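**Student:** One structure, as structure tokens, below. Some questions next.
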Amino acid sequence: MTFTKTSQKFGQWADSRANTVFGLGFPSEQQLSKFAEKFQEVKEAAKLARDRSQEKIETSSNHSQESGRETPSSTRASSVNGTDDEKASHGGSAEAQLKSENDKLKIALAQSSSNVKKWETELQTLRESNARLTTALQESAASIEHWKKQFSACKEENDQLRSKIEELEEQCNEINKEKERNAQLSRRLQELETELQDKELELEELRKQGEIIPQLMSECESVSQQLQDAENKNKDLEEKVRTLRTEVEESKHRQTNLKTELKNFLDVLDGKIDELHDFRQGLSKLGVDN
């Protein structure tokens with residue numbers, strides 16, 4: 001098997017016997033490089049282990065063959081040149097050597113089979129680990145897509161909320177401006193009401209002063225008629241004031257027209273007060289003359 005880097009953080013290898021391709025993802029390119037190096041080391045170690053096992057098997061088989069070939073010649077030589085005891089001793093040493101070689105071969109085969117089982121177990125473990133990692137990678141990829149969609153939805157909702165907040169801030173600014181205008185109109189209305197109360201007090205004082213001198217009313221019918229006309233006009237003016245006050249309470253947006261009407265009213269009222277003042281002076285003069 002050969003490990004191949006398919007990208008900066010992902011690598012894969014193929015098992016041709018199992019017809020399977022394995023892949024692993026890593027958080028960084030450095031970890032991927034370390035894994036590739038370890039993979040190559042394990043591969044080389046496995047290759048060396050197989051080579052050594054093969055060499056041991058071949059060496060053992062060669063030794064057994066050489067021992068088998070050497071045994072008949074030695075027996076033949078001993079049978080020709082030696083005694084029966086020598087023959088027995090040479091035959092026993094050959095059998096002992098063959099037995100020891102066979103034991104060594106058995107041990108080497110057992111070690112090689114155990115190594116093979118060990119590597120097969122590790123390979124199976126790696127396959128299972130790779131399957132789990134592949135499943136985890138797929139789940140993480142699906143989770144990433146899900147979170148990407150959630151992030152996009154949250155981003156769109158955040159943009160909508162920001163635009164809504166901006167609209168609400170603009171509306172709040174408009175409301176604050178409207179409150180300031182209403183407060184200014186309320187203060188102006190209070191000032192006008194105070195001025196109207198002052199004028200009403202002045203008119204009340206004028207009425208009291210007119211009631212103090214009823215005897216002059218009979219002598220000054222024309223003046224009385226003028227006073228009556230003035231009172232009627234004052235009543236009309238009071239009615240206008242009430243009308244203006246009602247209009248101010250109903251609609252604060254007519255402030256400009258109200259100012260103009262109030263100004264005209266104040267001019268007329270001042271004129272009437274001047275007339276009443278002149279009329280009073282005239283009455284005083286008439287009292288002095290009488």
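For all residues, glycine too, the Cβ spot is worked out from N, Cα and C.
Quick caveat, the model's predicted, so the values are computed rather than measured.
Annotation comment: TrEMBL describes 102-254 as coiled coil. Residues or ranges marked as compositional bias 'Basic and acidic residues' by TrEMBL: 44-58. What TrEMBL records for 59-82 is compositional bias 'Polar residues'. Residues or ranges marked as domain 'WH1' by TrEMBL: 1-46. Look at TrEMBL and you will find 44-100 tagged as region 'Disordered'.
Map the listed features onto the structure and describe their local environment.
**Tutor:** Using a Cβ-Cβ cut-off under 8 Å and counting only residues 6 or more beyond its ends in the same chain, the compositional bias 'Basic and acidic residues' (44-58) has close neighbours at 105, 108-109, 111-112, 115, 119.
Confidence across the domain 'WH1' (1-46), taken as the mean pLDDT and rounded to a whole number, stands at 85.
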**Student:** Kindly report the helix/strand/coil residue split of the domain 'WH1' (1-46) according to DSSP, in that order.
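**Tutor:** Its residues fall into 18 helix, 14 strand, 14 coil.
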